[in-house]
Amino acid sequence: MAGCRDPRVVDTLHLLLLVAVLPLAVSGVRRGAVDWTQEKNYHQPALLNVSSLRQVAEGTSISEMWQNDLRPLLIERYPGSPGSFAARQHIMQRIQRLQADWVLEVDTFLSQTPYGYRSFSNIISTLNPTAKRHLVLACHYDSKYFPHWDDRVFVGATDSAVPCAMMLELARALDKQLFSLKNISDSRPDLSLQLIFFDGEEAFHLWSPQDSLYGSRHLASKMASTPHPPGARDTNQLHGMDLLVLLDLIGAPFPTFPNFFPNTARWFGRLEAIEHGLRELGLLKDHSSERWYFRNYGYGGVIQDDHIPFLRRGVPVLHLISSPFPEVWHTMDDNEENLDRTTIDNLNKILQVFVLEYLHL
């Protein structure tokens, strides 16, 4: 995550007006014959019972995630660097080994930067690309470029190696359930899961509309011009995005995630409810009722991040970014030593339950 606070936290009136006119889902509304692009507005989660919640908590492993997913990403990985290539290969290899048979696409392009043209590569991993609708989880895998200082490099642990590792751990822990999405049935919506790892979120110099969000700007434009389902004349891949859940700045202790957008408030409410439910069952560790992670206390400033190019095109967004930012943000101390395992483990459980509920698994 890049830029200083002023350019990233912007006046939100125009964005809130945009999301306010997007269709709001109303519980209990009868769908009838609803166009498939509108089904997301009436989609309801399939809540997990206590036994299933316990299975999720038992099935995720912070130790395995830490060793196999996170540590290989704790390297310098700004766009075009050797570390960027290594991180990209690591992410793809971790996904390719899974049973669920993800379809991987690498979206590589050149873009002008303050330092000339640079190559960027987004990673898009999709379960059942033929499904009309997808729940999308996303993060950025690049790290901000800083000159080496006293032989130290910036590895961006919270920004955003941990979100990448959380998504990889979700794919591993839920592999068996996600494998079943290949078998479309009348009892389940035509809905699947997509993981996006953006390149070039960070600014090379100073945050600006031109020097930031390279990968997400490119991919949003590309998806808007790609027919979906294949051969469609009036719908594109953005129509197929039910909800974009963007993870950023995660891994520091005691995070707070506010709700930014009214049109996705009911899905933020599910995160709140899942957190409360898991705590009541004793499935969250060292979790205080005075420090809830998810707090719906109104709609504050919109933070510039990879969701913006999609939000402007009408995609519903949940922005899971800790606010205020971690104290280590954009410092050399954003490293493994300052991560909080318990917090990450708890958030893994909440996110995995959310995905299972959304996908009716």
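A Cβ is built for glycine as well, from the same backbone N, Cα and C atoms used for every other residue.
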Swiss-Prot has Glu202, His330 down as binding Zn(2+); which of Asp159, Asp242, Asp248, Asp286 does it also list for that site?
Asp159
Disulfide-wise, see what Swiss-Prot says Cys139 is paired with, picking from Cys4, Cys164.
Cys164
Taking only the CA atoms, the spacing between Glu202 (Zn(2+) binding site) and Asn183 (N-linked glycosylation site), expressed in whole angstrom, is 38
Should any of the recorded positions Asn49, Cys139, Cys164, Asn183, His330 have a Cα within 10 Å of the Cα of Asp248 (active site, proton acceptor), which are they?
Cys139, Cys164
Which recorded positions from the set Asn49, Asp159, Asn183, His330 come within 10 angstroms of Cys139 (disulfide bond), judged by C-alpha positions?
Asp159
Can you check which residues sit near Asn183 (N-linked glycosylation site), meaning Cβ under 8 Å from its Cβ, same chain, 6 or more apart in sequence, and list them in order?
none
